[in-house]
Amino acid sequence: MMSFVSLLLVSILFPAIQAKQFTKCELPQVLKDMDGFGGIALPEWICTIFHTSGYDTQTIVNNNGGTDYGLFQISNKFWCKDDQNLQSRNICDISCDKFLDDDLTDDMICAKKILDKEGIDYWLAHKPLCSEKLEQWRCEKL
């Protein structure tokens, strides 16, 4: 009984981040609001996300003195706030750890802001890997 109570307390006090490893065919359904935004088609997003995070929402990469978070690899230098970079501009007005769960709503809102301000080439993988020959990034099931 004591272990059950302990487990219950731990689960209440420390909710688990629900991470998700998406597939190429799951992402278009979740990212449908991104299709065409800023002139970027879904296959370009799917390709870019694959090459930046491997479709894994819990991807964290230390990069050039900053840290990039989640599916879209959003940087703590400018876009989100974390304990490592208290000087972040936090343009998306969000905690970086929000980009590590399976709810992509806030990720997409921030990615759209990045796209508006920086363009698709903010994501370095896009130009060399995802700007042409996108057939392989379409899901045959759709």
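Even glycines carry a Cβ here, placed using N, Cα and C.
Since the structure is predicted, the reported quantities are computational estimates derived from the model, not experimental observations.
For Lys98, Asp101, Asp103, Asp106, Asp107, the entry in Swiss-Prot reads Ca(2+) binding site, with the evidence type similarity to another entry. Following the DSSP three-state reduction, the secondary structure of Asp101 (Ca(2+) binding site) is coil.
For Cys139 (disulfide bond), the count of additional Cβ atoms within 10 Å of its Cβ stands at 15 [all protein chains shown]. In the three-state DSSP scheme, Cys139 (disulfide bond) falls into the coil class. Residues or ranges marked as disulfide bond in Swiss-Prot (evidence: sequence analysis): Cys25-Cys139 (among others).
Per Swiss-Prot, disulfide bond is recorded for Cys47-Cys130 (among others). DSSP gives Cys130 (disulfide bond) a coil state; it is part of no helix or strand. In the structure as shown, the Cβ atom of Cys130 (disulfide bond) sits within 10 Å of 23 other Cβ atoms.
Summarising the annotation, Swiss-Prot assigns disulfide bond to Cys80-Cys96 (among others). Here the Cβ of Cys80 (disulfide bond) has 27 other Cβ atoms within 10 Å, regardless of which shown protein chain they belong to.
Of all the Cβ atoms in the protein chains shown, 23 others lie within 10 Å of the Cβ of Cys92 (disulfide bond). Feature annotation from Swiss-Prot assigns disulfide bond to Cys92-Cys110 (among others); the stated evidence is sequence analysis.
Across the domain 'C-type lysozyme' (20-142), the model assigns an average pLDDT of 95. Here Swiss-Prot flags 20-142 as domain 'C-type lysozyme', drawing on sequence analysis.
Annotation source Swiss-Prot lists signal peptide at 1-19, citing similarity to another entry.
In terms of Cα spacing, the disulfide-bonded residues Cys47, Cys92, Cys130 that come within 10 Å of Asp106 (Ca(2+) binding site) are Cys92. Within the same chain, residues at least 6 positions away in sequence whose Cβ sits under 8 Å from that of Cys110 (disulfide bond) are Phe72, Ile74, Trp79, Cys80, Cys92, Ile94, Phe99. Recorded residues Lys98 (Ca(2+) binding site) and Cys139 (disulfide bond) have their alpha carbons 27 Å apart, per Cα-Cα distance.
Look at the Cβ of each of the disulfide-bonded residues Cys25, Cys47 and count the other Cβ atoms within 10 Å; the largest number goes with Cys47.
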